[in-house]
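Asks: Quick one: the structure is below, questions incoming.
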Amino acid sequence: MGDWMTVTDPVLCTENKNLSQYTSETKMSPSSLYSQQVLCSSVPLSKNVHGVFGVFCTGENIEQSISYLDQELTTFGFPSLYEESKSKEAKRELNIVAVLNCMNELLVLQRKNLLAQESVETQNLKLGSDMDHLQSCYAKLKEQLETSRREMIGLQERDRQLQCKNRSLHQLLKNEKDEVQKLQNIIASRATQYNHDVKRKEREYNKLKERLHQLVMNKKDKNIAMDVLNYVGRADGKRGSWRTDKTEARNEDEMYKILLNDYEYRQKQILMENAELKKVLQQMKKEMISLLSPQKKKPRERAEDGTGTVAISDIEDDSGELSRDSVWGLSCDTVREQLTNSIRKQWRILKSHVEKLDNQASKVHSEGLNEEDVISRQDHEQETEKLELEIERCKEMIKAQQQLLQQQLATTCDDDTTSLLRDCYLLEEKERLKEEWTLFKEQKKNFERERRSFTEAAIRLGLERKAFEEERASWVKQQFLNMTNFDHQNSENVKLFSAFSGSSDPDNLIVHSRPRQKKLHSVANGVPACTSKLTKSLPASPSTSDFRQTHSCVSEHSSISVLNITPEESKPSEVARESTDQKWSVQSRPSSREGCYSGCSSAFRSAHGDRDDLP
């Protein structure tokens with residue numbers, strides 16, 4: 001366990017300090033100093049006892065040593081070794097009992113000191129072993145701390161490298177996304193270019209096909225001829241003329257002339273139909289522009305005046321470009337594409353505008369909606385059934401047109417033409433035609449889907465327009481009641497209707513109705529102007545006449561309800577009905593209010609049924 005260490009007891013140290021203090025006060029011999037050192041030392045006393053006493057006390061200094069011991073013991077608190085003498089002059093005698101007691105006490109103290117020393121030494125050994133253990137633990141912990149620091153530094157470096165790698169990967173991902181976007185744009189542009197090239201090639205192919213057909217039909221091949229089997233004779237029983245070159249040439253010429261006449265007749269019909277369709281489409285486009293321009297100014301003036309003017313100017317520019325271009329000189333495909341694109345664009349604008357109006361109407365109706373404003377379910381179901389019937393009719397018409405076109409395309413050709421065409425057609429062209437046919441089917445499906453969505457939007461538009469017309473009629477009624485004298489107007493209108501019932505001449509009806517029309521226009525300046533604009537802007541088709549009937553019916557119903565005139569007074573003459581050719585106007589009134597409502601609803605449904613066929 002190493003060398004023994006000298007550890008001093010604190011009690012002994014304090015006693016030694018006291019001894020040194022007392023000895024410093026008295027004069028001490030060298031032998032006494034040596035004895036003090038022996039007491040303070042840590043060497044065991046049993047080894048040096050004889051030597052110490054041999055040196056300390058001799059036969060010559062017994063008295064001195066006894067006096068010294070007495071003095072020292074008295075300083076430590078022990079009783080004196082001498083007996084107390086009554087007289088100062090008498091000699092003091094040594095007290096053996098006191099000496100023995102002092103020796104016993106000194107021995108007890110020595111034993112206690114030895115036990116304390118042993119306990120201190122064992123404690124010191126324990127503390128030394130604990131210190132060694134703690135030092136070893138400290139060294140181990142220090143090594144662990146160093147290793148953990150190294151690991152932490154390595155992890156920090158790895159984290160830094162991973163962060164740098166992550167940044168580089170993010171940058172690469174961003175670059176890849178940009179590259180993908182560029183490639184997608186390039187692919188889209190190339191796809192559009194490819195579609196244009198395909199259309200151009202199709203046109204060229206059709207032209208070449210027509211040219212080939214003309215060349216084949218005009219060219220005569222003598223080697224190949226067509227024989228007639230199961231020849232049927234004439235009805236009169238006469239024999240036919242002999243076959244000669246002249247008769248065959250004349251018959252072939254007549255056949256070709258008949259075929260050419262048929263082709264020209266069909267071509268004229270198709271051109272006339274195309275011209276009518278072009279007129280209808282252009283008129284529809286103009287009227288849609290006229291419908292959209294006043295309606296879009298109001299909501300867009302509130303939000304952004306600039307955007308509304310730009311959109312309307314774009315529509316007007318498109319219409320101006322179509323009108324400026326020589327539409328009749330262009331081919332059918334280009335005109336059709338231009339018209340369909342422009343109409344689709346205007347239809348989207350109209351759809352967005354209607355959706356905005358729908359949102360505004362839903363907000364207004366959510367605040368205060370009455371049960372009278374809601375359309376009944378039966379009316380809605382009836383309208384849907386009528387629209388479905390009209391859709392089926394349109395489908396049947398489309399199928400009939402397709403059959404006619406197929407019949408026109410599938411004209412009977414000669415054996416010469418069939419053989420040449422079979423030789424000319426290649427496998428690649430057949431595959432390309434199959435691919436185009438699949439694309440056509442997909443486009444047809446998409447067109448049907450869009451058509452359904454457009455029909456639904458048209459139904460919603462019709463319902464909203466009906467609600468709007470009812471609100472407008474109520475508003476006109478209120479304005480009329482607020483701005484005119486009710487009693488005076490009743491008297492004038494009663495006179496007017498009595499004049500209507502008395503006269504059978506339509507001119508008389510028109511003359512009597514003119515001042516009333518002027519009064520109506522002077523009373524409500526805003527709403528009739530809007531209705532006139534709407535009626536003017538609609539296309540000149542059966543739907544426009546029906547729509548005009550609805551407007552006139554609504555205005556008539558509002559005027560009848562304002563003036564409180566009975567249905568008998570409002571009946572016009574039969575001559576006036578015949579002269580107007582079933583066109584309602586301000587002069588001719590329905591037989592009753594219920595008839596007016598039924599006429600409005602039927603005309604409104606027929607108008608929207610025609611609107612559903614839009615692309």
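In case you wondered, yes, glycine gets a Cβ from its N, Cα and C as well.
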Asks: Where does the phosphoserine label fall among SER46, SER313, SER362, going by Swiss-Prot?
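Replies: Swiss-Prot records phosphoserine at SER313.
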Asks: Out of SER87, SER319, SER545, SER592, which residue gets the phosphoserine annotation in Swiss-Prot?
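Replies: Annotation hit in Swiss-Prot: SER319.
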Asks: Which residue range, 98-125, 266-293, is the one Swiss-Prot calls coiled coil?
Replies: 266-293
Asks: Could you find out if DSSP has SER290 (phosphoserine) as helix, strand or coil?
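Replies: It is helical.
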Asks: So how many other Cβ atoms are close to SER290 (phosphoserine), meaning within 10 Å of its Cβ?
Replies: 16
